[in-house]
């Protein structure tokens with residue numbers, strides 16, 4: 001086995017020496033810059049040592065620490081559900097009672113924040129979606145949440161132990177970290193395969209029967225406990241008769257026997273407004289089988305299966321030179337390159353999740369909890385954006401620290417770098433085109449609107465710009481199941497169209513979402529902001545090592561303020577600065593997406609439904625006519641939605657008014673860092689230090705202004 005025993009003695013001595021990982025920092029502080037450098041470099045293992053094995057072990061060990069923190073955090077969430085929540089009340093009436101897991105104590109009048117959440121309880125309404133997740137998992141009591149919270153703490157302790165053990169007692173050798181095929185097999189078959197299989201098993205044996213009874217209106221306290229379903233097959237057979245046959249249908253290939261609890265329905269459950277849980281159980285079982293197969297595809301101890309190095313080196317087309325040759329070496333020796341790819345893919349996937357959470361709501365009653373829908377969409381969009389910017393950051397660090405041009409001749413990476421001017425200038429042209437045209441459509445509409453010429457505007461009632469391709473995609477997906485899945489009762493998502501609206505408890509869960517001129521316009525703003533973000537980030541990566549302006553950029557490192565004295569106009573060109581600028585455009589892009597989603601859903605989807613079947617949308621369907629002008633966005637969205645919060649003082653909503661104000665203060669504070677020069681502050685500090693010297697109270701550690709890069713980092717964080 002490839003481990004080294006007792007490589008590093010366990011001791012707390014280093015904890016008492018801040019900066020022990022760096023010769024300069026270990027000397028202690030001379031100026032206040034020291035504390036900033038300490039924070040910047042503490043986790044930059046690559047700057048502590050060049051030994052790849054040691055770096056890998058530190059990262060591996062840190063991952064266990066990260067998992068421990070996640071377990072503690074989740075434990076806290078579940079504990080709040082067990083101790084401070086109205087979960088059991090919500091479970092008995094999810095359409096009228098709002099989820100709450102936090103009660104504010106009566107200190108200085110804060111208890112005004114506790115609103116009436118229904119069911120006789122007062123508290124703060126939560127929008128995390130955890131109640132809906134717990135119901136889907138089959139949790140029926142606060143005691144079960146309590147047990148889960150304790151279990152998570154035990155797992156956290158286990159993770160902390162593993163982190164210590166695999167660094168101090170049995171540390172893997174470098175060869176273990178570089179054994180790609182074995183890692184793929186274990187991650188695919190173990191994490192994704194057995195992980196999905198165990199979840200499918202839990203769903204079939206615990207979640208489905210409990211949810212079936214809950215949907216039928218059985219009191220949660222009457223429902224058998226999870227272990228009873230697991231241990232007593234007759235209980236399950238009462239709900240799903242085929243359970244009485246055990247595994248016989250599986251081995252006799254008579255799988256259709258199981259179609260009671262492994263379904264292929266499509267659409268939403270009309271009782272809960274969520275996906276059919278029998279569909280999701282089926283899905284997880286299918287996914288598990290795919291990944292279990294995938295986990296046996298790579299060549300390890302037996303001479304069969306794929307070798308990744310061989311696949312990559314064979315991968316070349318007629319116009320791509322050496323193709324993927326050399327990439328295997330990059331990905332097994334540069335963890336930054338590996339991380340960049342993983343962040344890009346995971347970030348994109350997270351954004352895909354954001355869009356599926358509302359169009360295919362996976363948990364019961366999630367779709368009618370509009371605040372939660374909005375929160376989950378916002379959360380997943382932001383996380384996805386951060387991960388994608390992180391991908392560019394680590395790709396640039398790879399270029400600066402790990403890229404070796406001598407081993408990369410005429411392969412795809414080299415060829416991309418050689419024609420980077422063409423890539424960047426074409427991308428720049430695309431950004432200019434998208435920016436002028438998308439914004440120009442709005443400006444045209446504002447002008448026509450101001451001049452009183454509505455017949456000359458781009459709108460659904462005047463000059464139409466219908467998103468015909470999007471409508472075609474919607475239509476195809478609405479009709480497809482008819483021929484591809486004849487037994488399915490509905491298409492994958494209600495949003496495609498063709499079906500009816502789904503209403504739960506007098507509220508719209510989901511309906512076919514109409515797309516028109518307004519969506520066409522804002523879609524092109526999305527295209528514009530995303531392309532600009534990509535332009536900035538990609539330029540940062542492609543020019544991380546050198547440029548016409550600074551040919552020796554690689555020697556200056558990942559982050560530097562300027563190319564030294566006597567070279568004016570070379571500031572803010574480091575790879576770090578590109579990440580910094582890219583972040584702003586990422587914020588920009590995602591703000592527009594969240595605005596679009598928020599208004600579109602309130603205008604065209606969310607609302608109440610009368611006994612006669614009349615739908616009243618929250619903002620009365622005003623998106624199509626109002627969002628086609630900039631003025632409409634400002635007046636009918638930003639102001640209309642913010643005014644309630646701004647006027648919330650003295651009500652149970654006042655926390656949001658204070659947060660709204662506070663967030664804008666923090667944002668304004670960021671501008672102080674972003675719009676000021678370092679010299680200004682250094683000058684000011686020197687005057688203040690002079691005064692301290694006069695009074696003989698000057699500190700030993702000299703105060704210094706933040707460096708340019710530090711100031712911008714503080715600024716972008718507050719922004």
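FYI, residue positions are counted from 1 along the chain as it appears here.
Each residue, glycine too, has its Cβ placed from N, Cα and C.
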### Which range of 490-511, 556-577, 578-599 is transmembrane segment, per Swiss-Prot
578-599
### Query
In Swiss-Prot, which of the ranges 261-279, 280-298, 299-317, 451-469 has the transmembrane segment annotation?
280-298
### Query
Pick from 235-253, 520-538, 615-633, 634-652: which range does Swiss-Prot record as transmembrane segment?
520-538
### Message
Are there residues at least six beyond either end of the transmembrane segment (184-208) with Cβ under 8 Å to its Cβ atoms? List them, or say none.
### Response
136-138, 226, 229-230, 236, 239-240, 261-262, 277-278, 280-281, 284-285, 287-289, 291-292, 294-298, 300, 308
#### Entry: Same-chain residues at least 6 apart in sequence whose Cβ lies under 8 Å from residue 681 (phylloquinone binding site)
705, 706
### Query
What same-chain residues lie close to the transmembrane segment (578-599): Cβ under 8 Å, and 6 or more beyond its ends?
358, 374, 377-378, 381-382, 385-386, 388-389, 392-393, 396, 519, 522, 525-526, 529-530, 532-533, 536-537, 539-541, 543-544, 619, 623, 627, 633, 637-638, 641, 712-713, 716, 719
### Task
Spatially speaking, which of the binding-site residues 664, 672, 680 is closest to residue 562 ([4Fe-4S] cluster binding site)? Use C-alpha to C-alpha, please.
680
#### Entry: Densest Cβ neighbourhood among 562, 571, 672 (binding-site residues), 10 Å radius
562
### Query
Out of 664, 672, 680, the binding-site residues in the record, which is closest to residue 571 ([4Fe-4S] cluster binding site) when you go by Cα distance?
680
### Query
Against which stretches of its own chain does the transmembrane segment (422-444) lie, if we need a Cβ under 8 Å and a gap of at least six residues from its ends?
416, 457-458, 465, 521, 524-525, 527-528, 531-532, 534-535, 538-539, 542-543, 628-630
